[in-house]
Protein chains: 2
Amino acid sequence: MPSYTAPAKDMQFVLHDLLEISTQDVPGYSDMDAEFTGAIIDTLGQLATEVIHPLNMVGDRQGCTLENGVVRTPDGFKDAFDQLRDGGWTALDAPEEFGGQGLPYLSYTIAGEILSASNMAFNMYYGLTHGAASAILAHGTEAQKAKWLPKMHSCEWTGTMNLTEPHAGTDLGMMRTKAVPQTDGTYKITGQKIFISAGDHDMADNIVHLVLAKIEGAPEGIKGVSLFIVPKILVDDEGNLGARNGVSVGKIEEKMGIHGNSTCVMNYDGATGYLLGQEHKGMRAMFTMMNEARLGVGLQGYAQSEIAYQNALAYALDRLQGRDVTGVKNPDGPADPLIVHPDIRRNLMDQKSFVEGARAFTFWGATMIDRAHRLEDKDADGLISLLTPVIKGFLTDKGFEYATAAQQVYGGHGYIEEWGMSQFARDARIAMIYEGANGVQALDLVGRKLAQDGGKHVMAFFEMVKTFCKENDGDEMKGFVAPLKAASKDLQAAGMYFMQNGMKNPNAALAGSYDFMHMMGHVCLGLMWARMAKAAMEGLKKDGADRDFLEAKIATGRYYMARQLPATAMHLGRIQTGPETIMGLEATAF
Amino acid sequence: MPSYTAPAKDMQFVLHDLLEISTQDVPGYSDMDAEFTGAIIDTLGQLATEVIHPLNMVGDRQGCTLENGVVRTPDGFKDAFDQLRDGGWTALDAPEEFGGQGLPYLSYTIAGEILSASNMAFNMYYGLTHGAASAILAHGTEAQKAKWLPKMHSCEWTGTMNLTEPHAGTDLGMMRTKAVPQTDGTYKITGQKIFISAGDHDMADNIVHLVLAKIEGAPEGIKGVSLFIVPKILVDDEGNLGARNGVSVGKIEEKMGIHGNSTCVMNYDGATGYLLGQEHKGMRAMFTMMNEARLGVGLQGYAQSEIAYQNALAYALDRLQGRDVTGVKNPDGPADPLIVHPDIRRNLMDQKSFVEGARAFTFWGATMIDRAHRLEDKDADGLISLLTPVIKGFLTDKGFEYATAAQQVYGGHGYIEEWGMSQFARDARIAMIYEGANGVQALDLVGRKLAQDGGKHVMAFFEMVKTFCKENDGDEMKGFVAPLKAASKDLQAAGMYFMQNGMKNPNAALAGSYDFMHMMGHVCLGLMWARMAKAAMEGLKKDGADRDFLEAKIATGRYYMARQLPATAMHLGRIQTGPETIMGLEATAF
């Protein structure tokens, strides 16, 4: 049976040694000192270890069932959800006026890693609610906020996002769900939505669906799409639950993983809906949710890699198989533990250096969201907008890759479901697909974000890397700064190639978009590792330093810089071969 | 629902344009002209399309069940197995004196791709039998061969390989299964084996288990292991089935994939066994099976990628989503097909260029096996021994990677089981693990095979690449020869690094073994692509050439050379950073 322990020491290092959050000028950060964040991590970590993680395999085995229109979640989910709700964990970063604790978004990210790593399918019920509540907070009227948010923040009511239809996934302009205006200002919503995570379940009194639909007579395509609040059960102005709305579950999808989450086909049959935000501006409102959701999905990617790594490491330390070629390490046993073998170590170091780098990158991203929201910092807003597709695309691709690598450490046992390693990989797989498949993330990055605001944000990013390298060009940091410089230079060369060739032929840029996304991911993790190494080196100079931890941190960073970062040269080489080898073949010649 | 069509045109190109098999001097090859191989591919292909592939998803959904000690295979498996057997497909390459058709091993490989791609779990019942029969053929007495082989070649009786025990996987020396000699020359076998593919089922009259065990008083470790034939049902000297042997199924494992194959825990309780080969030389006998099995597993890797690619391509041509940024391609439809998008094409070209290269590599490998067996060609034997871990490790890693990439083309539908794309990835995953996890393949390659016979075979490999490059250094082949030269140079530099550093510190070589295996895989596929391009260019000069096919072949090769082969530089860079970043961390500091 696998297990999970919140990586408290590493989280605290990122928060306080790397990001130094409690001295940042973001409102609310001064309260988040090491004691406070330590308490969050320890308390929630205990709930995750003892209650939520033990349900991870239960959820995978049982899945959700639909009987007589009612969705049942796996045994134990409801009780655990009650504990999550009663502990106040679902309202950490919600505004106090709507029942929340008013903490920064970063608190949600810290909790999110713990919850997602320990049980991804379970945590999605809350995660979707958080996203839907954010959209209502950003685009709702005061009356809407007052009506829906407090119950959503407490997760007494949960939320969903309804975008996809059978024939309309990425291309939402083709959607057919209709909204017919009523004389009372409401709309009747009719249509079918698919792939609705947490679409229905038995853990909340109501479900607040956010549904994209086209108002009769709306413009064609994506510009005619509006967003609606469509509750499962109608709510009167005093907040009392009333009649069932015209919303039903068509079926629960059978998926590769995240079986504990009910992925539903949702049917809307003249259901009452309330316009959220402006008519025909539904995509704008939905993007509020989607950007946040994309960060959350990037987090899911590395969180599955984190728990897979924890278990792979435990197995590598415990399982006796073969002998160290340089000399027996466990003379009293029949064999040495797996971890003596160089290729097992290579595999573990790949995982460890990715997960720790990804955590730093994601937490850093969360601080940018707080800066953008709490300080109205436009630069931070632009930078996180640029980096969102990288966090989503790169961290989920690598998260899956390393969850799979962790499975490999177990040999044949990794393929047997009772050991739990298969589930981490199967669950992680969805993160590469939903909230915009990773190819779409690459398109967003290269086709939109690079040029946003005249390329200002990507230039600021390069400037940031350059400044860091200049300020840290001493001998001590050489093993970090030199590779970071080289990788950043590769990335700039790729951007230059796109500028020079993409205007004439957009395919010259788009054919290289996936490679670019991965290059940028490596540069971001390289920057994180260089900064973490610097923080660790400074930490080592202090009295009472945790030398073992800090030295391991530096060693792990050296691994990433030496063995992962040079991938940028390969990606650049691919990009510079141009689009011809990709676009040349006629579709019929494949 | 997914579908499968045997890639007849591409297989024929590899067999006759690339390998020119019917003019090779291998006994039996002269019969294998294009008409003959075409008939194999078409006839078996039809059975695969119409009977075997439609059971692929059935097998995944139903799995195998154990009731009252009896294993039931999924609905339809038994009938399909009868058709496979009755068609003579299970005895293509078996010797005529034991009921086979006496065709070269290559015929087994051609059939193996078709069977494995269309239904991997189903084909394993036959594949294991083939491996077990090979071991009996190589190491059995004449009486043993006469007794067991004819029924195994017809698959009236199937076979298994029993190596792993709960505490002994890669490290077989720790096994505990015991063999006690009896006065009649037989042995009583007692112990438990796990992960036994096709361990029991309802499709054959008997099952012939090959079991590794230690004879009482044998030397410690791997040198005390012997191999035994242990039938499920005892067989008298006239070949009549008698009493049940002391063999039973403990349970069927629940796995990530290949659910249609019964992976059993096998219990041997004083079961009667017959020594196969010499006492304490069981590993040698087992390796006959394992080398062949490893080639078969490499084939499974790319075969799953092949069927996944076929279905991803069909979806990319059919699914309308978004518009070509350079101009609408499907003005009469609501959107353009997915294949207009550069990143979808990048993904499809990755898959296509891998699968076609892997097919060429594997078929070429099969010709080396035929040369080794039928001509006693020591060079071919040495070369295939060197390349076996590359075929197994590289083709299964990439096969899984691209089966996963094919899933991505489907977006959300790729994660839903009813579309079938998840199964290809889940089934492909095991190929990276069994018959020696891929890390063990890398160890075998770098730790054993490079230095085998004084490094003669790896030098011959480099010489072959060099000669090809020298003979084809004209302008026409420049786009192929230059990258191949560069990649081969990288590979040689890595080998040189190992030689210079590995003697002092074996970890310097072993820490780079995985990267080396991948480099070598790329060089092999690069060589295959260069040769295929040359064959295609020559083909284009002939009257009546299939220009569309041959031009697509060259274009696909250019893609591989431009975008995949340069990965060797990254792997070399990693190797040359040395083992310190991998071996430096104390086990307790992970």
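For all residues, glycine too, the Cβ spot is worked out from N, Cα and C.
Here is what TrEMBL records for this protein:
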- B:78-155: domain 'Acyl-CoA dehydrogenase/oxidase N-terminal' (DOMAIN)
- B:161-269: domain 'Acyl-CoA oxidase/dehydrogenase middle' (DOMAIN)
- B:281-444: domain 'Acyl-CoA dehydrogenase/oxidase C-terminal' (DOMAIN)
- B:461-585: domain 'Acetyl-CoA dehydrogenase-like C-terminal' (DOMAIN)
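For the domain 'Acyl-CoA dehydrogenase/oxidase N-terminal' (B:78-155), the DSSP-based tally of helix, strand and coil residues reads 61 helix, 0 strand, 17 coil. Within the domain 'Acyl-CoA oxidase/dehydrogenase middle' (B:161-269), the DSSP-based counts of helix, strand and coil residues read 7 helix, 57 strand, 45 coil. Mean per-residue pLDDT, taken over the domain 'Acyl-CoA dehydrogenase/oxidase N-terminal' (B:78-155), amounts to 97. Secondary structure of the domain 'Acetyl-CoA dehydrogenase-like C-terminal' (B:461-585), assigned with DSSP and counted as helix (H, G, I), strand (E, B) and coil, comes to 101 helix, 0 strand, 24 coil.
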